[in-house]
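> Below are the features I grabbed from Swiss-Prot:
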BINDING   GLY181, GLY183, LYS184, THR185  ATP binding site
REGION    1-71  region 'Domain I, interacts with DnaA modulators'
REGION    71-136  region 'Domain II'
REGION    137-353  region 'Domain III, AAA+ region'
REGION    354-478  region 'Domain IV, binds dsDNA'
Amino acid sequence: MNLTHIWKTTLSALQSQTSRHDYEALLRPAMLLSLDNGIARIGVSSPIQKEGLENRLLMPLRNALTRVVGYPVQVQVLIANQALRPEVTAAPRNGTHVALEPEPFVTEPPTPAFTSGNGNGERAVQLDLASAMRSGMLNPRYTFASFIVGSSNRLAHAACLAVADNPGQAYNPLFLYGGVGLGKTHLLHAIGNRVLDRDPEINVLYVSSEKFTNDLINAIRRQQTEEFRMRYRNIDVLLIDDIQFIAGKDATQEEFFHTFNTLHSAAKHIVISSDRPPKAILTLEERLRSRFEWGLIVDVQPPDLETRTAILRAKAEQMSVHVPDEVIDFLAHKIQSNIRELEGSLNRVAAYAELNRLPITIDTATAALADLLGNQRRRRISAEAILQIVSEHYGIEVEQLRARNRSRHVVVPRQVAMYLLREETESSLVDIGNLLGGRDHTTVMYGCEKIAEEINTDSHLRSEVMAIRERIQMMRGL
């Protein structure tokens, strides 16, 4: 296996063992730089990420890598700045990603390059860390060419392509929303990569809302707020991921409001992603909500069967692994939640087959994914837990779902609860009616059918149901 395959398989294994926050903030932006003589060198972009990996995830990371490669592995975590320090005295050219600027408290010795080898005489491969850590800003693998287009994401793909070809023009801001692992981050990176391919002098910055918040906190602590503002307000294209996490953070929202205004008034392009539409982000300031709605809002839906099949075939080709059509079909039918889990399942199957020297068959896939498929069969969640999740999502009390209140702000959440109870539990219509204040089973049937019909035409409602379902999956530990 090459480094990319090893790292993807490791991430797939760790995704189910770590919190979403740790996975997104610490693991996904990291990169396996080399694996030589039993030492895996992991590259990260900041001291915060390094500290988080070493303090919270070092043991799980070491164990996962050991399982993937089949022999004991030690882990070293290295910061991109270590390799960049010899060059940082030169002024960066336009288009250079400012996230790689050196931190004053990084004290590790500089490491100009790394080698990777399999310990069996394979030629060492030189890796330029600055290029490798571009994945912390723009991942060169995430392009429009590598994005599989289907009915679930065609509009989002077209809008992103239009922005990349004409930044600062139409669809500003562009707001993408949808569930976890559906390709929003891929599209953000694809925009940035295409913009820079067409004009390397354009300043592009990809950043998560969490990093924006952390940078602001650090700037305030170090009394460097002006430097922070210069960094974020002197760019041509801002790509900001998971904006929902700034909700409820007053200082972050205030700073982002002014950043947005500065960039937008200068005809700089802003592309934002979220797991829900602006109207559904509770505690988001109204002035930000209205600005997010100035441009185009597009939802990214879960892939249909044809798209899942195409994604798996493209992934197998990228991995240079032959996967029989019947196995592709098996995975496409079994893994329906999101693209990340779909690709992760193929990584696991390929790694399992290689490590056990087995052909890739449906039996091999079933064995490799036994825990995942077993969870799908055994998964249970209480009806009360679903009611709690629904009520928290809509900002109401569970008792309001049970009451006779017929105002729309309660009726819709109640019908969503009926629908999800029917879909996610084995409760009968009568059981659901009793749970919701003794309602007749025909009322429950009407509510379920109404939501089932409207999610096909109402993108806002569909995103609401998707977001709630994701919380249900997280509670199940899937």
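Any Cβ shown, glycine's included, is placed from N, Cα and C.
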> Could you check what DSSP calls LYS184 (ATP binding site) once collapsed to helix, strand or coil?
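DSSP call for LYS184 (ATP binding site): helix.
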> Which one of these binding-site residues, GLY181, GLY183, has the sparsest Cβ neighbourhood, judged by other Cβ atoms within 10 angstroms?
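Among the binding-site residues GLY181, GLY183, the lowest count of other Cβ atoms within 10 Å belongs to GLY181.
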> Is it possible to get the count of other C-beta atoms within 10 angstroms of the C-beta of LYS184 (ATP binding site)?
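26, counting other Cβ atoms within 10 Å of LYS184 (ATP binding site).
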> May I have the list of same-chain residues other than GLY181, GLY183, LYS184, THR185 whose Cβ is within 8 Å of the Cβ centroid of the recorded ATP site, in sequence order?
GLY178, VAL180, LEU182, HIS186, LEU187, SER273, VAL300, ASN338, ILE339, ARG340
> Around THR185 (ATP binding site), which residues of its chain at least 6 apart sit with Cβ under 8 Å of its Cβ?
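Same-chain residues close to THR185 (ATP binding site) (Cβ under 8 Å, separated by 6 or more) are TYR142, ASP241, SER273.
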> Using DSSP, tally how many residues of the region 'Domain I, interacts with DnaA modulators' (1-71) sit in helix, strand and coil.
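DSSP classes over the region 'Domain I, interacts with DnaA modulators' (1-71) add up to 44 helix, 12 strand, 15 coil.
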> In this predicted model, what is the average pLDDT of the region 'Domain III, AAA+ region' (137-353)?
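Per the prediction, mean pLDDT sits at 90 for the region 'Domain III, AAA+ region' (137-353).
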